[in-house]
């Protein structure tokens, strides 16, 4: 059943601008649209997710989505929103990245069904690689004036007196290459709509202009807002960099924690954008959250939904278990159930000390483990006092002064977690 895609984006806060006639065009029957995705890494990060969610809503509305990997444009670099030129990629790297990105996109888009609106992945390198420079400036370049290209915001900003970098001819031509993508998909696949972030409006409309000038066709443009955070910091970034969808780059635990730690204002916004919950479900959650904000109902549901979507139910369950280890009640068994990456993520920033594996052969005494060998506590006397007061734990289990740490205590055959009281942690690393 076909639904009103533009209306859906509207209530979800995912609509920034649409060319006049776009909504009416989409209601006339099944249409095709594409979103361009930068293939410069072998993983998407959550900054890509808005465009991917737009494609998913487009498919759910009964239309046919195209995910366009910018293999050719990735070799150039898009100046939109950038202050300097970026590194360019070789073909082998681009192909490797393409396979990895398709696997991630498959979690959101249905590529494999026999349905008429099954998603399709394309790479603009496939039609640009055999295009000679002379052919391009003859067949494409002559249709767009330099005046038209200079009027784009992305070009103006880079050529302004504030920009010290200037702009290479390579980057200047980027909008022509992206515009040609739209023309190519329009001619070959009857793709009539390009979608992207609001900073892409200039590049998208270069495409609609080419479609109009070469053959007199009609292309449409639709953009979503650039996602921001209520506190003004950049969405999708942490102190450690991007929040990636690849579990080897950002563990499911850290991914889950990112969403769980969003502010109330951001959670109310993000739950509309990054989940497929209905309007009624979301309004119910917002009301429930307002009645008891300390329970963080919105953040928990947001984190649950998106972690399962990107990773799996099992990964969500493990992320929740890992969260209780640091913030709630847990056992030695829970701790030993963590894989090494999650363990290190959970206890990131906790002080560590290295000990030789041989020290565990006869058992490492608690006084040594707490003070002399590690410096976790200031002195042997302090270590004895804390042990007598029953405030010391090894791997979440309370211990006495006569306890000996052995290889049996190792987590992932390498780590021992020491704890004083509820919040003071220390990690022994045996090597």
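Note that Cβ sites are derived from N, Cα and C of the backbone, with glycine treated the same way.
Keep in mind that TrEMBL annotations are predicted by a computer and have not been checked by a curator.
Fair warning: this is a prediction, and the values are worked out from it, not measured in the lab.
TrEMBL lists 34, 174, 178 with the feature L-tyrosine binding site. In this structure, residue 174 (L-tyrosine binding site) is part of a helix by DSSP.
In the three-state DSSP reading, residue 237 (ATP binding site) counts as strand. Long-range C-beta contacts of residue 237 (ATP binding site), restricted to its own chain and to partners at least six residues apart, with a cutoff below 8 Å, comprise 243. Feature annotation from TrEMBL assigns ATP binding site to 237.
Under the heading domain 'Tyrosine--tRNA ligase SYY-like C-terminal', TrEMBL lists 345-427.
Note on the motif ''HIGH' region' (39-48): its mean pLDDT in the predicted model is 92. Residues annotated as motif ''HIGH' region' in TrEMBL: 39-48.
The annotation motif ''KMSKS' region' is assigned in TrEMBL to 234-238. Under 8 Å from some Cβ of the motif ''KMSKS' region' (234-238) lie the Cβ atoms of residues 45-47, 227-228, 254, 258, all in the same chain and six or more residues away from its ends.
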Residues in the motif ''HIGH' region' (39-48) grouped by DSSP into helix, strand and remaining coil: 3 helix, 1 strand, 6 coil
Cβ contacts of residue 34 (L-tyrosine binding site) (under 8 Å, same chain, 6 or more positions away): 65, 66, 67, 68, 122, 182, 185, 191, 193, 194, 195
Winner by Cβ contact number (other Cβ atoms within 10 Å) across the binding-site residues 174, 178: 178
Remote residues contacting the motif ''HIGH' region' (39-48) - C-beta distance under 8 A, at least 6 residues beyond either end: 69-71, 74, 86-87, 89, 94, 96-98, 100-101, 104-105, 123, 227, 235-236, 242-246, 249, 258
